[in-house]
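Annotated features, as they stand in Swiss-Prot:
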| type | residues | note |
| --- | --- | --- |
| MOD_RES | A2 | N-acetylalanine |
| BINDING | D21, D23, D25, C27, E32 | Ca(2+) 1 binding site |
| DOMAIN | 44-79 | domain 'EF-hand 2' |
| BINDING | D57, D59, N61, T63, E68 | Ca(2+) 2 binding site |
| BINDING | D94, D96, N98, E105 | Ca(2+) 3 binding site |
| DOMAIN | 116-148 | domain 'EF-hand 4' |
| BINDING | D129, D131, D133, Q135, E140 | Ca(2+) 4 binding site |
Amino acid sequence: MADQLTDDQISEFKEAFSLFDKDGDGCITTKELGTVMRSLGQNPTEAELQDMINEVDRDGNGTIDFPEFLNLMARKMKDTDSEEELKEAFRVFDKDQNGFISAAELRHVMTNLGEKLTDEVDEMIREADVDGDGQINYEEFVKVMMAK
């Protein structure tokens, strides 16, 4: 996984890692992981951090070494690519770029894709529309897309 990173990325990660490796022993504590990742432009939730730590900290000693950290960052970078794809897809549906997909916009895109769905479009909106405002915002869109 880490072999997909560029030399520049690796040196950027090494620099960030070193900043938090206070005693220079080649390990950072799990508590510091969130700070390191945020400094690199990632924004993991507490739950995501805990999942990452559980995956990486094999011996359960509460520290993460640099090779483990690189694998973790490579995985996160891969996830970020799919996030960009989702944003792009959302923009395609959100014709007026107001941050929401209306039933009319969804119907328009589906028709252009050769789908003649009227009841189905309303049903899709109802399923995805968590806050009940009759439109799909980006968070709702991501939930629907990730559920597939």
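All residue numbers here begin at 1 and follow the chain in the order shown.
Note that Cβ sites are derived from N, Cα and C of the backbone, with glycine treated the same way.
Distribution of Swiss-Prot features across the structure.
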{"residue": "D25", "record": "Ca(2+) 1 binding site", "contacts (Cβ under 8 Å, 6+ apart)": "none"}
{"residue": "D57", "record": "Ca(2+) 2 binding site", "contacts (Cβ under 8 Å, 6+ apart)": "T30, T63, I64, E68"}
{"residue": "D59", "record": "Ca(2+) 2 binding site", "contacts (Cβ under 8 Å, 6+ apart)": "none"}
{"residue": "N61", "record": "Ca(2+) 2 binding site", "contacts (Cβ under 8 Å, 6+ apart)": "none"}
{"residue": "D96", "record": "Ca(2+) 3 binding site", "contacts (Cβ under 8 Å, 6+ apart)": "E105"}
{"residue": "D129", "record": "Ca(2+) 4 binding site", "contacts (Cβ under 8 Å, 6+ apart)": "Q135, I136, E140"}
{"residue": "D131", "record": "Ca(2+) 4 binding site", "contacts (Cβ under 8 Å, 6+ apart)": "N137, E140"}
{"residue": "D133", "record": "Ca(2+) 4 binding site", "contacts (Cβ under 8 Å, 6+ apart)": "F100"}
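When pLDDT values are averaged over the domain 'EF-hand 4' (116-148), the model yields 80.
Residue counts for the domain 'EF-hand 4' (116-148) under DSSP, helix first, then strand, then coil, are 20 helix, 2 strand, 11 coil. Neighbour density for E68 (Ca(2+) 2 binding site): within 10 A of its CB lie 20 other CB atoms from the protein chains shown. Here the binding-site residues are D21, D23, and the one whose Cβ sees the fewest other Cβ atoms within 10 Å is D23. Looking at N98 (Ca(2+) 3 binding site) and E32 (Ca(2+) 1 binding site), their Cα atoms lie 38 Å from each other. Note on the binding-site residues T63, N98: the fewest other CB atoms within 10 A surround the CB of N98.
In this structure, the CA atom of D23 (Ca(2+) 1 binding site) is 50 Å away from the CA atom of D94 (Ca(2+) 3 binding site).
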